[in-house]
Amino acid sequence: MNDPGLDDPIADASAILKENVEDHPPASHHNPQMSSPPRHPEASPEERYDQMSEEEQERNFLMPARWWYASTGVPLLAGTFGPIANAFSICALVENWRVEIPPGGTEEHGIDIKDPAWLIAVNAVSLAFALVANMSLLLNMARRVPFKIAQPITILGFWIASVLLIGLVAVASSDFHAPGVKRQALSQAYYYAIFAAGLYQIISYLMCFTVYGAYKGHYSKEFKLTVAQRSLMLQTIMFLLYQLLGALVYSHIEGWKFLDAVYWAEFTSLTIGIGDDYTPTTHLGRGLLFPFAMGGIIILGLVVGSIRSLILERGKKKLAARLTEKTRMRLLKEVERISKKKSLLRRKGALGLEKDTTKALTVEPGDGEVSELERRQAEFEAMRKVQEWAAAERKYMSLLISTFAFAFLWTIGALVFERTERNQEWSYFGSLYFSYTTLLTIGYGDFEPMSNSGKPFFVFWTLLAVPTLTILISDMGDTVVKAVKDVTIWLGEITVLPSSEDTIANRLKHGVYKATLGQLDPRSPGSRDVEKGSETGSESGYQELHPGLVRLFRNGGKKHRSGGNGETPEDNLAADFEEEEKQGESEARDKGDRPEEDAHHYRHVLISQIRRVYADASAATPKKYSYDEWQYFLKLLGEDEADASFHRRAPTHGDKESEAREAEENHNEGGNLDIGRHGAARGREGEGNSSVRAAKWSWIGAQSPLMGDKEEAEWLLERLFQRLEESLRSDTIQTENAKHYTRDLKEQKRGDESGAGGERTMSQRRDPDVLNHS
């Protein structure tokens, strides 16, 4: 099935590689390892992250969700909300905590009552501890301060800052009445202190969770964050500084209190636009609004983009990985139950799979009930189903969570505003209306918080709304928006737009298939084939060619016909390299050198496939290869899917137990788990040598290449490059050995001519293996 005809070339090239690399390792190279790239101590932090061993990256990726949140999510939350808490502490320090309410007035127009010196001092000390803690966290993220030093400073700093503020808030809320003042109220600064204290307390406890996981060995004692993820903290700091400095400027220009200006800056940068009492009235204020509003929107856009691309996308991948693992284990346990009770197989398949597929999953490799290719293809298709189920579950689970978060923010926010704005006699429905128009940035301005507690809560509440709405909109884009788009296209196909379905009935059936995400498929087999063909597009015209050259002919042919427009230097280099190998193959064939011809042919095919897979890896939509394509690639990498000796049934144990048992069993059998899992089973290199034989693996096992954090094209590209590197290294070693052999022959000839020392020289330097291969 799609046999590339490379058995002999691969076997010969692998044998040459094995003998030359093992017997004559070059001094300037390490022995090739498929599993982990070399580490460079002088590399930058982001490079060190990229150069982590593949086992460590996948272990981090497949770890239970709670430890992923502890190692990645919590530091990002601390890096985002730590600066927000610092900003609130500054707001709590710059103004007095009490105001005197004038006769006939309200607290919004209260007169400041000077704070005692001890309150200002404790407040300042709290801010100092918090700033030190935040700086320690930032330096730890930048890897300037070690984890074991930075984390105690961060946790204790935030916790002490919180305790100091809680003490001040407790005193101010009970017995803090100014002498000689009949009516007084607490100012906005007091409520900012409450929010800051709460954030400090939460962050300190969350960071304790992170430290606990690190010291228990669930992940390393350093943050596995990329530079882009660390930049989220800097972007948050930049946005808050921009808001505070803008508020400071406008408080002087418009004559507002500083905290009122902070409130104005918040709803301005978020484009909510409420506020009758807080609008610029001076020419200078209105003129500065142009750059201020634009700058605030741009910086906020950076923060939103970071939340979406860094936190949201990575969180989606993590959630998808965990759901895939749980679905996989559920399938394996169901297959195990059916295999023990054959009567169940006659009634249904496992988790909705077809009966034939389920039956193939219950067969041991090499049992003979079904062919090994059929059994492996059944495993592959089952794993694809697992991925589909997990992806659908992830989408709707994410949508449910983000919708609940939005509803919580909306309803609870409305409840708080009803209480804070009781002087304005807001009803709960009016508060719901205000909260809704604010969250959607409609901002009619008919409702506006005016109380000293309402304005600080508005600032904090809208800051929480930024990530919440970002996540909700993204999740709706994956589900609701996509469904609306599909329905719109479907309605167009029913009416006026062209469609692959020939009749109205088939178009309606196609709509049912799309609406149910493929769960119901009333279409005929012929129409399914039509859709499958339409999805492959122009590629169908190349299917009768060599399967590995489809993308090469499709892309490369277009480029050559168009005169090479759009070719990159990498394309030109790869094309030159490929042409060179092709020429070398032709020259070796003319000389009758079969091993050399096979080696050049193998590298020629490798380069053509690298070009193909590289294009797939660069595509916007991740490429998912068919089983025939995977079979071809694995054959190219040294494994035969029809050979049961490479394969096993997937165990049904839990994550860690499964991996540990597979590792132990493969070790006892002489296999190498790294090769089986990460090296695409370099089995032909290990024939006759059990120490390097590929480990047994299953498509639905923990060692499957379909599991893990890498896209399929990226996974394959790494292995193809590694195989090419090994082949080139083998060729280099062989060339050097040939030079030594030629020099030995010349010395022997001179020795024979002089009649002295020839046999001794040859006995000392001649290598039988080199002679055989040469």
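The backbone N, Cα and C atoms fix where each Cβ goes, and this holds for glycine too.
Because TrEMBL annotations are produced automatically, they should be read as predictions rather than curated entries.
Keep in mind that this is a model prediction, so the values were computed, not measured.
Pulled from TrEMBL:
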| type | residues | note |
| --- | --- | --- |
| COMPBIAS | 1-10 | compositional bias 'Acidic residues' |
| COMPBIAS | 39-51 | compositional bias 'Basic and acidic residues' |
| COMPBIAS | 583-597 | compositional bias 'Basic and acidic residues' |
| COMPBIAS | 652-668 | compositional bias 'Basic and acidic residues' |
| COMPBIAS | 737-753 | compositional bias 'Basic and acidic residues' |
| COMPBIAS | 762-774 | compositional bias 'Basic and acidic residues' |
| DOMAIN | 237-311 | domain 'Potassium channel' |
| DOMAIN | 408-481 | domain 'Potassium channel' |
| REGION | 1-56 | region 'Disordered' |
| REGION | 518-542 | region 'Disordered' |
| REGION | 554-597 | region 'Disordered' |
| REGION | 648-689 | region 'Disordered' |
| REGION | 727-774 | region 'Disordered' |
| TRANSMEM | 67-97 | transmembrane segment |
| TRANSMEM | 117-137 | transmembrane segment |
| TRANSMEM | 149-170 | transmembrane segment |
| TRANSMEM | 190-212 | transmembrane segment |
| TRANSMEM | 232-253 | transmembrane segment |
| TRANSMEM | 288-311 | transmembrane segment |
| TRANSMEM | 396-416 | transmembrane segment |
| TRANSMEM | 428-445 | transmembrane segment |
| TRANSMEM | 457-474 | transmembrane segment |
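Averaged over the domain 'Potassium channel' (408-481), the predicted model has a pLDDT of 93. Comparing 67-97, 117-137, 149-170, 396-416, 457-474 for CB pairs under 8 angstroms to the transmembrane segment (190-212), the maximum falls on 67-97. Proximity of the transmembrane segment (67-97) to the transmembrane segment (396-416) is not established, fewer than 3 Cβ-Cβ distances being under 8 Å for residue pairs spaced 6 or more apart. Sequence-distant contacts of the transmembrane segment (117-137) (same chain, at least 6 residues past either end, Cβ-Cβ under 8 Å): 75, 78-79, 82-83, 85-86, 89-90, 92-93, 97, 145, 150, 153-158, 160-161, 164-165, 167-168, 171-172, 193, 196, 200, 207, 233. Residue counts for the domain 'Potassium channel' (408-481) under DSSP, split into helix (H, G, I), strand (E, B) and coil, are 55 helix, 0 strand, 19 coil.
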